[in-house]
């Protein structure tokens, strides 16, 4: 009787636990219920890996290894069975007195460590754990980035390796300042060995766990490598003297600490009995070693990753870590998550087609229940301006249908590709943002104030001291600073120690007063930190240092950026206050400085702002958008030129393409261009091999109307305008990418006509080209955003656009160009044809922003900057000749 009750209870317990994770699919549940030993989860793009991580942690804490177990902590009673059966049937929680019977080997929340790569991912993990486990228990799980986890370890144990616990974290700019000092001391010529090259080599050595001593012994093969190794040793010595780590040191030095101090290593292995690592395919040698050292003898290590998304080799990531995991951890259980919840099947099939050409992979095939969806749209543009116009047309159509700007992401292989898109969108007045541009914390005034804060936190931080000792100007020159540094070096003290006794040094006699005044400022800042809140301290730094007064004086003199810089400092104080609100009593100056040091570009990405997003594919990893544009899909661009010489590099490029494709949820647009200007040179590239790898059944191909017209006027490659940079050297034969809609060949024919150059910056009499994609001829075309009409007597009242820009002149055929008409609001009628002159009070219609009233007009380079108050979105500025504006008159 007791045995049958026990069996029944265990069966019911399994059912009850499964219902707690009822939203998971079968493979996800397998991952959640595998609790002990090494576990490798191969999670395809959009397969819900974060959901699996959160639920696996919740299961470890709530139920432990109870699922599938036939054991119970005490004999089962009929009351136990009845209560559990009732909870299952009614869908309610089991009574609290049954909690002990539902658990087996449950894990304490503080015994779990989850590591990922970005603060954004770590924050999402923490928030979801709070919601699932409750605030207190969820907060006790240590979910962190690699670097934040290392900072936490080093804050406790840094003194074991000769660093203060109040160490500073140096960014790239700080590292370069240290390097300039090292170069000067070692008499090394920056032209012979650029500082950036030396920093990059040191970073690689740290990723590979090569010490300065090993670099000198094993890697000094020639003059440059010997010098770099010597620089490495001197650089590390400088950092140690300053009580500072650079970004690479955080992991490198933590590995050294754990490897050389068994007591510290055992402390963390006992504390974090269960270790989960996200994005494992992106780990470096140093990160792999860190994970190995943190993993205890029970080997409760779970790694989640996708070998098909390993795209950071240039940062030191090694795909071998995930490919060889099963060999390194015998007995590993491997689970593949292949069901995608993000994209349509056409998008996934395109991604599968591309990635299956790689050989260095575990192998998996993504699938979805989301439906087939639209085919992947592949567009061949005339040039990068046509590409930008084409994208704008599609975005405009989506907005007409009720979409949002933020639904759209434009992804590219390299940052240089963003310029034509950014220029076109700026002139057309299309709101957009570039992820990866200058970060808030990298602005000069923000870095200066943070440097002041840093020297208060760490008086040994001579690098930050050098930055701000004469900022604002205090008559403390570079020669004086060098004397202070020499004296500090001779006496083995910090530069601040010398400054505090400046009157005792004859060499500083001319600068005594400004130095002692600086010391007084420093003391007041120390007092402020001790007696006021952290955000008040930040305000005091801005005020007491004279920084605010300096910017106010600049503003009074008419300096254009002074007001913006003051606003940035106000935002800095707000950021400090937000940090305090989030951390409560645990908020510290050191903690705030850590947070800003560890912020990445993607952490700063704000998904709530309604703007089109431009970013590299590397930056887009982990994100998703309803509509994605992959631009520049051409040989020599994507894949890059250098990747052609290495199979490993080419496979990484293919993984990058796979990542780009799988960012799209609803629709994917891929474009290549006949010609593209990069780095000041016009290139003619064939379509990317990655396009050829996608099966025709998953894509729909179209071309620029101009290219389509030329194919009917004498074929491809027959004629290039002499005004196009590069002459008539286009392709004239088959391209290798010659599906039917491409006319069987690739190349281009540029007609001479009225064209005045590759990129017309002025609007010519017979053909108004600009950045848009209007084309000269008897019947000029329109292109949605940024249309220009070359013939003033024939401005159409409807704007034709669609997959490209509809060409309406000559004998062009349109059978491969999908047409979508944009009609002007029926309540208004266009002003006189060709009118692009506006005055205050004019009523206009904008394709995106709707109706508005012109407030101000300012002439600018043959154009007008028009300031308009739109009814829906408020005040915007745009270029009159470029924006999709129509002057309207109210009908009586």
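From the backbone N, Cα and C atoms, a Cβ is placed for every residue, glycine too.
In TrEMBL, annotation is done automatically, which means it is predicted and not curated.
What TrEMBL says about this one:
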DOMAIN    22-344  domain 'UvrD-like helicase ATP-binding'
BINDING   43, 44, 45, 46, 47, 48, 49, 50  ATP binding site
DOMAIN    345-622  domain 'UvrD-like helicase C-terminal'
REGION    774-806  region 'Disordered'
COMPBIAS  780-806  compositional bias 'Polar residues'
Entry from the binding-site residues list 44, 46, 48 having the most other CB atoms no farther than 10 A: 44
Binding-site residues: 43, 45 - member with fewest neighbouring CB atoms within 10 Å: 45
Segment confidence, the domain 'UvrD-like helicase C-terminal' (345-622), expressed as mean pLDDT: 91
Other residues, Cβ within 8 Å of 43, 44, 45, 46, 47, 48, 49, 50 Cβ centroid (ATP site): 52, 306, 337, 340, 341
For the binding-site residues 47, 50, the one whose C-beta sees the most other C-beta atoms within 10 angstroms: 47
Per DSSP, three-state class assigned to residue 47 (ATP binding site): coil
Nonlocal residues around residue 49 (ATP binding site), in sequence order (Cβ under 8 Å, 6 or more apart): 41, 43, 278, 304, 337
